[in-house]
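> Mind having a look at this structure? Questions to follow.
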Amino acid sequence: MRITSTSCICPVLVCLCFVQRCYGAAHHGSIKVTRNQTKHVEGETEVHHRPKRGWVWNQFFVLEEHMGPDPQYVGKLHSNSDKGDGSVKYILTGEGAGTIFIIDDTTGDIHSTKSLDREQKTHYVLHAQAIDRRTNKPLEPESEFIIKVQDINDNAPKFTDGPYIVTVPEMSEMGTSVLQVTATDADDPTYGNSARVVYSILQGQPYFSVDPKTGVIRTALHNMDREAREHYSVVIQAKDMAGQVGGLSGSTTVNITLTDVNDNPPRFPQKHYQLYVPESAQVGSAVGKIKANDADTGSNADMKYTIINGDGSGVFSISTDKETREGILSLKKPLNYEKKKSYTLNIEGANTHLDFRFSHLGPFKDVTMLKIIVGDVDEPPLFTMPSYVMEVYENAKIGTAVGTVTAQDPDTANSLVRYFIVHNTEEDRYFTIDASTGTIKTAKILDREETPWYNITVAASEIDNPGLVSHVPVGVRILDVNDNPPELAREYDVVVCENAKPGQVIQTITATDKDYSANGARFHFSLDEGLSLNPNFTLRDNEDNTASILTRRRRYSRTTQDIYYLPVLISDGGVPPLSSSSTLTIRVCACERDGRVRTCHAEAFLSSAGLSTGALIAILLCVVILLAIVVLFITLRRSKKEPLIISEEDVRENVVTYDDEGGGEEDTEAFDITALRNPSAAEELKYRRDVRPEVKPVPRHHPSSSLDSIDVQEFIKQRLAEADLDPSVPPYDSLQTYAYEGHRSEAGSISSLDSATTHSDQDYNYLGDWGPEFKKLAELYGEIESERTT
């Protein structure tokens with residue numbers, strides 16, 4: 001099958017089509033494909049030959065944007081099997097087959113039914129096949145071919161990023177690169193000049209130029225000044241077909257702004273200025289402004305103002321306002337028209353950010369002269385001192401002079417001045433002032449201990465112009481007078497131990513004085529001389545503003561006297577000296593051996609005067625405790641009747657503990673010893689309840705007469721023998737104790753209960769060294785000794 005290319009429609013492309021056809025015929029050639037054949041030769045075997053394809057292979061080309069009324073002819077398919085009798089049917093499949101491309105199934109002619117756009121699709125891949133129309137069997141294998149869309153110049157160049165905004169510093173060198181612009185053309189860059197773009201400048205000359213090939217925009221003039229012109233609008237054109245006639249073009253706008261550089265020095269509009277400032281201007285306030293002009297912008301126009309010389313450099317100062325770039329003139333010292341009426345200042349304004357490339361355009365600073373005229377103003381009176389401190393003694397009489405303030409009119413008129421006190425607080429009402437002389441006097445009795453310092457404000461105004469007022473602070477210090485006697489620094493809780501020794505320090509006291517230290521720093525302590533000598537306590541002045549309280553005897557008893565009162569006289573060292581009397585309360589307490597207080601409450605003792613409330617309460621508590629013990633004892637006796645061991649095999653040791661203590665020699669009810677003193681009451685044989693006897697012993701009978709005559713000692717021995725011979729005793733030790741004191745001692749009782757009524761010269765102080773077990777005994781004998789001493 002032979003493929004015949006389309007005819008060249010465009011006259012310009014006639015030669016190209018001709019070359020294409022010759023090229024295809026020379027290079028591709030006609031490849032004939034025949035069906036498989038079998039040749040039979042006598043005496044030879046059958047030989048199979050490889051079939052050859054019968055396609056004339058070539059590419060089809062179709063022009064884009066075809067606008068004719070008839071379908072555009074693309075090419076022709078032809079098979080070697082086609083004899084021209086219409087028996088061969090051509091079939092076309094693939095991209096656009098049947099919709100864009102149609103084929104005459106008899107002749108094999110291919111036509112394009114639609115206008116194609118190469119920029120949307122550059123080629124189409126299709127498949128062709130020749131079949132037998134009668135049998136529908138393929139005559140040739142299916143083959144693939146391509147239809148390429150041939151480009152025409154139908155797309156103009158476009159600037160995808162425009163319009164552009166760019167900056168370039170002013171005063172740049174000629175040829176400085178500003179920006180590179182790029183235009184794109186959708187046409188085929190490999191075919192002709194449809195996509196070959198050339199750049200040119202339509203607007204912006206002679207300031208800028210553009211490279212026709214690269215699109216780089218450059219400055220075209222030297223020293224372009226931003227202050228002369230800042231903004232430029234440049235129009236760049238891109239034309240395809242290498243800029244030839246008939247080529248398509250596109251354009252874009254480039255907005256170029258010249259950025260500022262510091263190429264302009266600051267300049268004052270005038271070389272001489274004059275400023276009026278009233279003498280009443282406040283120190284630190286702004287009194288004027290001055291500004292130097294700078295054609296630059298931003299940081300290039302920043303400047304600093306300074307006062308370089310002049311007689312007013314010590315009175316005025318200048319600072320720079322960064323926003324307005326103005327020099328702010330401020331007052332450093334107060335003005336006085338009567339002393340100086342004018343000042344002259346030389347002010348310099350200089351750039352702070354210099355560009356040394358343009359230093360030849362300098363200097364970048366300027367100087368101007370400022371003359372300041374001081375205006376005369378009616379001023380308020382002026383005090384001779386900025387503040388006053390005065391002194392007066394406390395308790396001074398009303399009307400006592402404290403001090404004098406003085407103010408004068410600073411103006412040339414020298415008007416008379418009137419004084420008065422500004423009553424803002426209650427402190428101001430303690431003083432008055434003479435309106436003419438300014439003398440301050442007391443209006444009330446002053447007390448240094450209540451208020452040691454007063455702060456008042458004195459005002460002065462001109463009589464002719466009361467609206468002009470000046471103020472001055474006045475401090476009044478109240479001097480001390482010895483008018484307060486000393487007194488104890490605090491309330492003292494003085495305690496003396498019952499076992500205290502003579503000369504023992506029981507308390508150290510101090511005193512305080514409300515007066516100033518010069519009138520009361522030294523205190524003297526003593527006992528009241530009007531009273532008789534105190535036999536119990538004395539006082540010792542330590543000469544360091546403290547005093548010590550000492551005991552004068554050995555022992556004290558709470559039962560005899562539990563509180564003592566000691567008057568103390570305290571005097572100061574002021575002029576005249578003052579004194580006061582205070583009474584110390586001393587309590588008697590029971591203490592440990594190391595001096596720690598144990599109790600200070602009086603205990604109950606039996607005396608001829610009767611029992612105290614505490615003693616009655618103690619007795620009631622003892623009765624309640626005894627009743628509780630009796631109830632507990634009865635309960636325990638009832639519980640002992642139960643068998644202690646129920647199991648016959650439980651023969652373990654049993655220890656029964658009875659924590660029953662006697663009440664001493666006076667206790668005759670805690671333990672019943674009737675059984676010991678009346679042996680007949682215990683005659684009945686008692687068996688042990690913790691074990692069961694194996695042999696029942698024979699009971700013994702004693703006549704009553706013999707039992708009555710048995711002594712307690714004999715009774716105990718009898719019980720001991722019975723215990724030793726008891727067959728029911730278990731095979732382990734069982735301890736049974738029978739306490740017998742024996743007969744009464746011939747020496748009599750050694751108890752100390754009956755010895756309280758006897759008199760002895762023996763010293764019982766050693767009892768306090770025997771320990772806590774003998775503490776009560778030591779206290780009893782200590783009280784007896786104390787009563788005897790008293």
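The backbone N, Cα and C atoms fix where each Cβ goes, and this holds for glycine too.
A TrEMBL annotation is a machine prediction, not a hand-curated record.
So TrEMBL says this about it:
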{"type": "SIGNAL", "residues": "1-24", "note": "signal peptide"}
{"type": "DOMAIN", "residues": "79-159", "note": "domain 'Cadherin'"}
{"type": "DOMAIN", "residues": "160-268", "note": "domain 'Cadherin'"}
{"type": "DOMAIN", "residues": "269-383", "note": "domain 'Cadherin'"}
{"type": "DOMAIN", "residues": "384-488", "note": "domain 'Cadherin'"}
{"type": "DOMAIN", "residues": "488-605", "note": "domain 'Cadherin'"}
{"type": "TRANSMEM", "residues": "615-636", "note": "transmembrane segment"}
> Could you give the mean pLDDT over the domain 'Cadherin' (79-159), rounded to a whole number?
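Here the mean pLDDT over the domain 'Cadherin' (79-159) amounts to 86.
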> When DSSP states are grouped into helix, strand and coil, how many residues of the domain 'Cadherin' (488-605) land in each?
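DSSP composition of the domain 'Cadherin' (488-605): 3 helix, 53 strand, 62 coil.
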> How many helix, strand and coil residues does the domain 'Cadherin' (79-159) contain under DSSP?
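For the domain 'Cadherin' (79-159), the helix, strand and coil counts are 0 helix, 35 strand, 46 coil.
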